[in-house]
Each structure stands twice: as C-alpha cells, then as structure tokens.
Amino acid sequence: MNLILLGPPGVGKGTQAKLLIDRFGIPQISTGDILRAAVKDLTPMGVKAKGFMDSGALVPDEVVIGIVEERLAQADCVPGFVLDGFPRTVGQADALKGVLSRMGRGIDHVVSLSVDQKELLTRLTGRRACAKCGAVYHVEFAPSKVSGVCDACSGELYQREDDKEATILNRLKVYDEQTAPLISYYQECGLLRSVDGLGTVDGVQSAILSQIQG
Ligand code: AP5
Ligand code: MG
C-alpha cells in the first residue's frame, strides 16, 4: 500500500499515519520529522532548513526531494509506505512521480484530510510532543496523564517552535498557496480520496480505511 497523506498543518496527518503504519506494517515517511531530527543534530541540512521551518516557510524542493528519494530506496519501503507532509508543491509531486516510476512503482491513494481553520489553530496551539520518543499529545484533546510528562517514556513534553500563533498563520498561508493545488493535481490523476478530518481520531481512521479499502 503506497499512500500519501495530504492536508494543512495540524489536520492530523501524523496522528493518522501512526495508526496506518501499525495496521499495514509499512513505514511512515514524514519529511517534517526527518528535518526536525536534522535540526536537532545540527547536520548541514538541518542548519540550512532551520530558518525556513522556524518562519513557517517550505524548505527548498531539492532538499526534501533528496530526503524522500533516499528514504524510498530503503528496504523497509518495499511493502509500501505512508508519505506524511510530502509532496507539498507541484514540483515535489512531479519529482515523486519520476522517482517512483524509475522504481517501477506508483501511488495507490492520496488521502486528503480537511478541517476548518479554527480547528487547525486549536489543534496546533495545543499540541505537545515528547522530546525523547516523539509521541504527540494535545493539552485538551489528548492530554498526558501527568502534565508535561510523556506517558510512554516519561520524557519532557515541549511545544514545537513553529506552533506559535504567528508562525502557524504563515504555515496556513503557505499551505493555501503552494500545497492546496495538489488537491486538483491528484484529483486529475484519479488518486484523490477526500476525508473529513473532524471527529475522533478513531472515527477519522475508519473513514480513511473505508476510502482505501472499500
Ligand atoms: P510538518 O512537520 O510536516 O508539519 P505540518 O504539515 O505543518 O503538519 P503538522 O505536523 O503540524 O500537523 P499534522 O497534520 O501532522 O497534525 P498532528 O497529527 O500532529 O512540517 C514542518 C515544517 O517542515 C514545514 O513548515 C516546512 O518548513 C518543513 N517541511 C516538511 N515537509 C516539507 C516538504 N515536503 N517540503 C518543504 N518543506 C517541508 O495533529 C495536530 C494536533 O491535533 C495534535 O496535538 C494531535 O493530538 C491533535 N489531533 C489529531 N487528530 C485529532 C482529532 N481527530 N481530534 C482532535 N485532535 C486531534
Ligand atoms: Mg505532522
């Protein structure tokens, strides 16, 4: 199963990707997670990416295309993959098509998640992540048992640098301008599966499954 999760910041791509990878036994490829790890490790790529990410802008296409091409070539991607947060521009989508066709592969479904902007802001401003294991929480919708402490590993919970309101608004603008055009791009390819992202996490997962297995 080769999947793309498409949708604005905070819509629940990462949350839904985690459930899909458990169900199908395939890896999640989140360019955001890979870039944040590079920023934390101060790699040359991370140093270059940090300014773009902190302002809510996109990292240049050639950087993220390189990341994904390298990742897709790894053995655990043979049974399938869930792309989370990639592609985000038409240039990235075209490049992905080329990379996959050279591998004799293709995309099965592009799941497009949507919720209204007010809900996106609530989800993003309330999100907390574990600094140690990366588990994602929400102060209201998915709180940890002890405030600020990860249930899974007792690591410290933190707020992402780009989850401050001013940066969120820029990320949403960048999404509308550069990523939303991919909805019609994939509709024209016959791959788009639209799913309402509002509702419980399990409810959204069921809606996704009925679109990709139905
Ligand atoms: P990235 O990390 O991909 O961020 P994003 O696309 O902005 O999306 P988020 O991770 O913020 O949201 P999500 O949809 O995963 O939501 P989540 O499941 O966490 O990218 C970050 C940056 O990296 C970019 O701005 C850019 O600079 C760079 N970058 C990455 N990829 C790139 C690319 N391809 N090209 C160029 N640059 C790139 O959920 C959010 C919150 O809501 C959580 O707290 C969660 O608990 C809660 N929640 C989830 N589902 C529900 C629900 N059903 N009900 C209630 N709450 C829910
Ligand atoms: Mg995410």
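Glycine is no exception: its Cβ is also placed from the backbone N, Cα and C atoms.
A TrEMBL annotation is a machine prediction, not a hand-curated record.
Long-range Cβ neighbours of Gly10 (ATP binding site) (same chain, at least 6 residues apart, Cβ-Cβ under 8 Å): Leu120, Leu121, Arg123, Leu124, Arg127, Ile168. The ATP binding site annotation in TrEMBL covers Gly10, Val11, Gly12, Lys13, Gly14, Thr15, Arg127, Val136, Tyr137, Gly199.
Note on the region 'NMP' (30-59): mean pLDDT across this stretch is 97. Annotation comment: TrEMBL describes 30-59 as region 'NMP'.
As annotated by TrEMBL, AMP binding site applies to Thr31, Arg36, Ala57, Leu58, Val59, Gly85, Phe86, Pro87, Arg88, Gln92, Arg160, Arg171. For Phe86 (AMP binding site), the same-chain residues lying six or more positions away in sequence with a CB closer than 8 A to its CB are Ile4, Ile29, Ser30, Thr31, Val64, Val68, Gln92, Leu96. When secondary structure is read from DSSP and collapsed to three states, Phe86 (AMP binding site) falls in the coil class.
Taking Cβ pairs closer than 8 Å, the region 'LID' (126-163) reaches residues 10, 14-15, 33, 36, 53-54, 56, 171, 201 in its own chain, all 6 or more past its ends. Among the features that TrEMBL reports, region 'LID' is placed at 126-163.
What TrEMBL lists as domain 'Adenylate kinase active site lid' is 127-162.
Cys130 (Zn(2+) binding site) counts 20 other C-beta atoms within 10 Å of its own C-beta, drawing on all protein chains shown. Per TrEMBL, Zn(2+) binding site is recorded for Cys130, Cys133, Cys150, Cys153.
In three-state terms derived from DSSP, Arg127 (ATP binding site) belongs to an extended strand segment.
When the binding-site residues Thr31, Val59, Arg127, Cys133, Cys153, Arg160 are checked against ligand 1, Thr31, Val59, Arg127 have a Cβ within less than 6 Å of one of its atoms. Residues Gly14, taken from the binding-site residues Gly14, Thr31, Cys133, are distinguished by a CB atom under 6 angstroms from ligand 2.
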